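Annotation comment: TrEMBL describes A:Thr65, A:Lys66, A:Ala67, A:Gly68, A:Glu69, A:Gly70, A:Lys71, A:Ser72 as ATP binding site.
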Number of protein chains: 2
Amino acid sequence: MALTDLEIAQACVLDPIDKVAAKAGIPADALEPYGRTKAKLSQEYLDSLDAPDGKLILVTAINPTKAGEGKSTTTVGLGDALNLLGKNTMMALREPSLGPVFGLKGGAAGGGYAQVVPMEDINLHFTGDMHAITTANNLLSAVIDNHIHQGNELGIDPDRITFRRCLDMNDRELRQVNIGLGPKANGIKREDGFNITVASEVMAALCLASDLQDLKKRFGDMLVGYSFDGEPVYARDLKVEGAMAMVMKDAIKPNLVQTLEHNPVLIHGGPFANIAHGCNSVIATRTALKLADYVVTEAGFGADLGAEKFLDIKCRLAGLHPSAVVIVATIRALKQHGGVAFEDLKEENIPALKAGIANLEKHIETAQAFGLPYVIAINEFATDTAAEIGALETWCRENGHPMSLSQVWAKGGEGALDLAEKVIALTEQPNDFEVLYDEKLPIEEKIRIIARRVYGADDVVFTDEAKEQIAEFEKHGWDRLPVCMAKTQMSLSDDPTKMGRPEHFTITVRELRPSLGAGFIVALTGKVLTMPGLPKHPSALDMDIDGEGKITGLF
Amino acid sequence: MALTDLEIAQACVLDPIDKVAAKAGIPADALEPYGRTKAKLSQEYLDSLDAPDGKLILVTAINPTKAGEGKSTTTVGLGDALNLLGKNTMMALREPSLGPVFGLKGGAAGGGYAQVVPMEDINLHFTGDMHAITTANNLLSAVIDNHIHQGNELGIDPDRITFRRCLDMNDRELRQVNIGLGPKANGIKREDGFNITVASEVMAALCLASDLQDLKKRFGDMLVGYSFDGEPVYARDLKVEGAMAMVMKDAIKPNLVQTLEHNPVLIHGGPFANIAHGCNSVIATRTALKLADYVVTEAGFGADLGAEKFLDIKCRLAGLHPSAVVIVATIRALKQHGGVAFEDLKEENIPALKAGIANLEKHIETAQAFGLPYVIAINEFATDTAAEIGALETWCRENGHPMSLSQVWAKGGEGALDLAEKVIALTEQPNDFEVLYDEKLPIEEKIRIIARRVYGADDVVFTDEAKEQIAEFEKHGWDRLPVCMAKTQMSLSDDPTKMGRPEHFTITVRELRPSLGAGFIVALTGKVLTMPGLPKHPSALDMDIDGEGKITGLF
């Protein structure tokens, strides 16, 4: 029987973290260790880095099946392969959220022989960053309600508080709650709800901040709600941004860990990929670029969401210039885009595969639209047939698209040597990277550009509510920010059932939310769940730890 | 102007944690470092310890003023003094809760020149233990509600769930909440509330557990509520104790830090002193006893609560045998017990002081009741007059009570050399330590023994609700556990306005709660707030961190 991800990870004898650091050129005294195999990099060291930037490689994907395409796994395997080729390479990844670990999804540190370790720690509390975010978020919430309870000098309207509490747990019970019940000493009665911590604006702000002082300013800029007069109230009006920044003093430092092949990885920050931008922190990416010649990173969901936001939001705000894009696809997902049901994806189906390639083609066009060279990485599954892989290879060759079969899940870095060579070649060409829109354009215009050029939509429909919000945002001067699209990841359209490459459709924007601390406007095209629930049989019920500290049931 | 606690702490050049460890005889490879100046001790190392136990010294206090008597400060100063006298001494302290740091109370790592450092880290996230407790608690909550939402096989009555959610924040809004509002997908609608994390039963269980497997069993034993048939439902019925233990895999290891004088301190666990027993973990105390010849520890609130529960609960369950008790008193508190208002405590008032000594006398009798030798430590304040201190000294001398003036706040260990010498002398006498009651007695009997012998009450009144609960507990076989009294700390009685040594009073027990995972029955004599609120001007609003990472406003 095949080993589980956890068993593979537990069989790895980890290098001490100072040895991993040395490989990345980081001196031991720059480390703030968390145990023997995890460390944060000290602020002094981060401030001292001034080498020229390495090359930035983005790993993105087609619209996935519900099992995911394997972006993290490909990112880790590609990074290991570049190291095998003698290239000084680091990876920059997102931190997993604790909540889904207890549900169905499990952990998020790669898979098979392309994993980041210590897997258990990374998926549990890691170095405490998530908990610091929860604390900063809920401190702001407590201060908002306390301000109202203690006299409400700012005249905050309890019915118009937009900032929610958060918890790093899959807990549907907390999506919508009434708080402040009971006697008057229990505070004001109002409706609230909890987001999962990765959906907190504190997380998005952390991931786009350049340093702690910038993060403090972003905290101050957060909109918490409106006064009875309809005026915006910001966190800075409550004077709480200093304490929030203090709470984040360690969380702002990136975390160093290693792959199964002992190569250095920075894991730092992991915002939602719908109501936020879905990328690890700017600080981690910038640090890796100073330390390594090649930096492999990823962005959440498919390229329509992940790559677009990585490029239009993160690269724009941080002044990053990527060198290449890897588009991960699976034979399984291509067949699903060609009309095959999830249960039947194990069966060979060449016609469906060929039909489903249309989805891949659209994401290729997206890379081209941004002016970036790309390579397709087929993340191999055991159920893929030679005929299926051959059919895809033929299409790629005939259409002039570079492509590589990636076997990192089964083989680690050895499984991506060809991919790594192709990526190196891409990064040696100059490119014409450009963001898709000028952020000073009106909000509607920015959304139309994304919907047409990235999703292939004919047009965008704005609901009356959305139009009113846009007018309101313009009044407050919030309209000159990049747009963060919240859309289903399952389809290029806003309808999760439309597979392949939908045509002649419109995108409906139902609601807009100002994430002023993060520095973007969220455009919601449907209901977005910011607090997941647990399934009928949560993974947590199968987890255990024995007398020797060995964990089972985590995956 | 006098330096603040934070300024004194920031002026300290900390020893690297391996140097502190070496002083305690702990090898470097037994450390799991968290940064450069904090570490957990590895499980392998803890398991390997088999030296004979050192001597255990409990620091307790009279009923305090609202500013506290300085138990932590005295514990740290006495430990430093014992080290100055060449005695191999460690301290075992409670972990501060993050919530009150943002409120009024500030941190809890000693004060003046008797502090534990790094003060900022200890008062903020420290090594993440609190956050792990929050996670374990809320995982259980999410699983309970999810079980009901997904079909409720166990038939749990949503109106009789006794286990609450928690958060490490002072947030009155969360004391009483309605959860699961909105559509059916948001789960079941019911009433719930959040405790502050230190009031979670997970914390109490951690602090009484002997190791992780014992903690897992305690988690399984926790009562979560009742079925529609009125039968108890335990966490083990939900099969979640394995995941909860996994979440606590690092939190169960004690944390090593240092005093301002670079002496080793274990800080681990910090349960509420009302609905829980208010002492650091058994694991930390046992570890310190293996490592040091003298271990100084503390228990929350005055001796009527803290010492009684330390001795009757912690020492009973862990088989600990203390060697001496230090009873901390301030001239200020004695004057308050003699009838002086809090605002007037700065003024000399010998008659009030003499009257207030009755309170101290009762706590001396408590130490005697447990068969333990004691010394009175007067924690000196700048406002104390020589005449006041002289009057107290005279009373002690005339009545044969050992006493020492402690100046640790101003002088550190140097300020407690006399106290340390007196403590050493006490520990050299054999003692007749005995718990006050047999835990197999009926619940009412156990409570009567505590109320009469420790509080000086005439009798105990049980409300009808309490009587019904006792009958219910007996039915389930929960009555043979020690009792954890929840009573005001301000008075020996259950009326916080009764100062001095009240006489001819009864204690009213209004409610009982089974803390089956912790291993005790809580008896509530009044309303106990398990979720504090923020004051009109929370300390958080004055906190900040600058570009060099320097924190201000934390105290």
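Glycine is no exception: its Cβ is also placed from the backbone N, Cα and C atoms.
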Site of maximum Cβ density within 10 Å, from binding-site residues A:Lys66, A:Lys71: A:Lys71
Which of A:Gly68, A:Gly70, all binding-site residues, has a Cβ with the fewest other Cβ atoms inside 10 Å: A:Gly68
Among A:Thr65, A:Ser72 [binding-site residues], residue with fewest other Cβ within 10 Å: A:Thr65
Close in space, distant in sequence - A:Ala67 (ATP binding site), Cβ under 8 Å, 6 or more apart: A:Arg332
